[in-house]
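Per TrEMBL, the feature active site, phosphoserine intermediate maps to 64. Sequence annotations record features per position, and here TrEMBL assigns Mg(2+) binding site to 64, 274, 276, 278. Per TrEMBL, substrate binding site is recorded for 368, 369, 370, 496, 497, 498, 499, 500, 505. Among the features that TrEMBL reports, domain 'Alpha-D-phosphohexomutase alpha/beta/alpha' is placed at 51-88. What TrEMBL lists as domain 'Phosphoacetylglucosamine mutase AMG1' is 176-281, 295-433. Annotated domain 'Alpha-D-phosphohexomutase C-terminal' per TrEMBL: 453-514, in sequence order.
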Ligand SMILES: CC(=O)N[C@H]1[C@@H](OP(=O)(O)O)O[C@H](CO)[C@@H](O)[C@@H]1O
Ligand SMILES: [Mg+2]
């Protein structure tokens, strides 16, 4: 009986009494030391899910952008998507059963789901480069072995999703090997860029910050397949630095500055992956050394502009939508709705929510502002594109557009956001449209924004609604936020409990000086800007150019200061009304 083996093996992976963890935004995630029993149990659960679905299931051991000391685990369903919500619930039940309750919980689950235990099981296990991932993935394998078969390997999260999908579609999505993944993506990239006239060396080179993680390893493996059509300068490749430390997509996005360890010259195109390479952000510095970030919102805009134009050229009537979360910059939403006239949806944070919403459209482009996203094509959309590419009566322009769309589909990892696939797509789009990173950046201007974290005793006291844009609990918090937001123009702020860290996240954006305290505003370099009144009166003394430059600088710092001030004030409200622990948040 397999249950005897479960009992025997689970004794090697004991649960610390009383420890309660929840399957959150991206599975279980916490300090690696607390996860051994969770891994074993997720091995068991994945095997049951495999028996239930009669398909290969994936288990990924990673804590993505979290610090090196953390780890985590999440399950991947047969088509490469996140595990279905009911099974997230089972995961939490199984994880929290005390040692003696494990077997009854397992048996109860088998009964509820009517699982045929004689059915074969197949589980792919992936892991990132964290030190703890080695032993934790072995714990998963122990769980799998107690009930079924396995696969093991060092892969990025999106590679695992891809492998699972290929395996369960009998190769229709691609070959279920890492080599197959590199070949599929590289061939599509080469096809897309081969006819681009005058692609300069600048367009063919890109700086990549690998966050000292698995993405660095894997992107250098892929480079040979790209046949010099894209040449990468890889930084933070894991040879010396620490995973995600002062580098990687999350650091760059949240800190709004370049990562450590990357030598950037003015105007050079750079990108950063996160720790498991399912996110990407781009950036550059201008000639005045100012940092410019191109995040998930800018990526979504670039890709939707590209796809919309291709559909027009192809004469295909397919509905495009962009899915965002509350973290999307207000300027991006406005641009997409008002200028591009595409449908925009807002969902809760977490890729599973965005992915689900994107599936409702012919072409659903989803990106979290942090750079996690991809594009989904419905079956109908893919068929229409294929048909047109084969149609001998269609004119050359339409057919060319259909071929380009077909190669674009092959370049995209539709199972989940994928830094490597997204990077190739962005590079192809920039090449095809002959755009520089500065031109891309200029499509719209981000509203200054700030993200902060507040420590509270129990973050579950915060309950949200309206895709997390408003709080319903604790009492008085939303009213306080509303009052604070009113002090600023074009301002927006919301708070929500994180699903991956023990903090409450605060987001604020604003574009106006209204509500700022008067007096001096200090630049980061320590210089003092004149206050508003003296600026107005002293304009006569300035040359026009100098006045404009000065004004632009002031605007940029003052606007940023509004976003910072609002974020700080909202953090204080959270601290006061939601059980903040430790010192009150300090102004930035
Ligand atoms: C503001 C933010 O970036 N939140 C991230 C973060 O979730 P939180 O629930 O906010 O901790 O990690 C998730 C998993 O990687 C990612 O999907 C999400 O976008
Ligand atoms: Mg990640």
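Positions of Cβ are set from backbone N, Cα and C atoms, glycine also.
No curator has checked TrEMBL annotations; they are predicted automatically.
Largest Cα-Cα distance over the residues recorded as binding substrate, namely 368, 369, 370, 496, 497, 498, 499, 500, 505, equals 17 Å. Every protein chain shown contributes to the tally, and the Cβ of residue 276 (Mg(2+) binding site) ends up with 34 other Cβ atoms within 10 Å.
Sorted by the number of other CB atoms within 10 A, the binding-site residues 274, 278, 368 start with 368, the lowest. Residue 64 (active site, phosphoserine intermediate) falls within neither a helix nor a strand when secondary structure is assigned with DSSP, and so counts as coil. Among the recorded positions 64, 274, 278, 368, 370, 499, the ones whose Cβ sits under 6 Å from an atom of ligand 1 are, in sequence order, 64, 368, 370, 499.
If one looks beyond the domain 'Alpha-D-phosphohexomutase alpha/beta/alpha' (51-88) by at least 6 residues along the same chain, the residues whose Cβ comes under 8 Å of a Cβ in the stretch are 23, 26-32, 35, 38-39, 42-43, 45, 113, 115-117, 119-128, 130-133, 136-137, 140, 144, 147-148, 157, 160-165, 167-169, 173, 211, 214, 242-245, 248-251, 274-276, 278-279, 351-352, 355, 414-416, 500-501. Here the CA atom of residue 276 (Mg(2+) binding site) lies 22 Å from the CA atom of residue 505 (substrate binding site). Using residue 274 (Mg(2+) binding site) as the reference Cα, a 10 A cut-off selects 64 from the recorded positions 64, 368, 497, 499. For residue 370 (substrate binding site), the same-chain residues lying six or more positions away in sequence with a CB closer than 8 A to its CB are 249, 250, 253, 279, 281, 295, 296, 327. When the binding-site residues 497, 499 are scored by other C-beta atoms within 10 Å, 497 scores highest. Proximity to ligand 2 (Cβ under 6 Å from any of its atoms) holds for these binding-site residues out of 274, 370, 505: 274. Here the CA atom of residue 278 (Mg(2+) binding site) lies 17 Å from the CA atom of residue 499 (substrate binding site).
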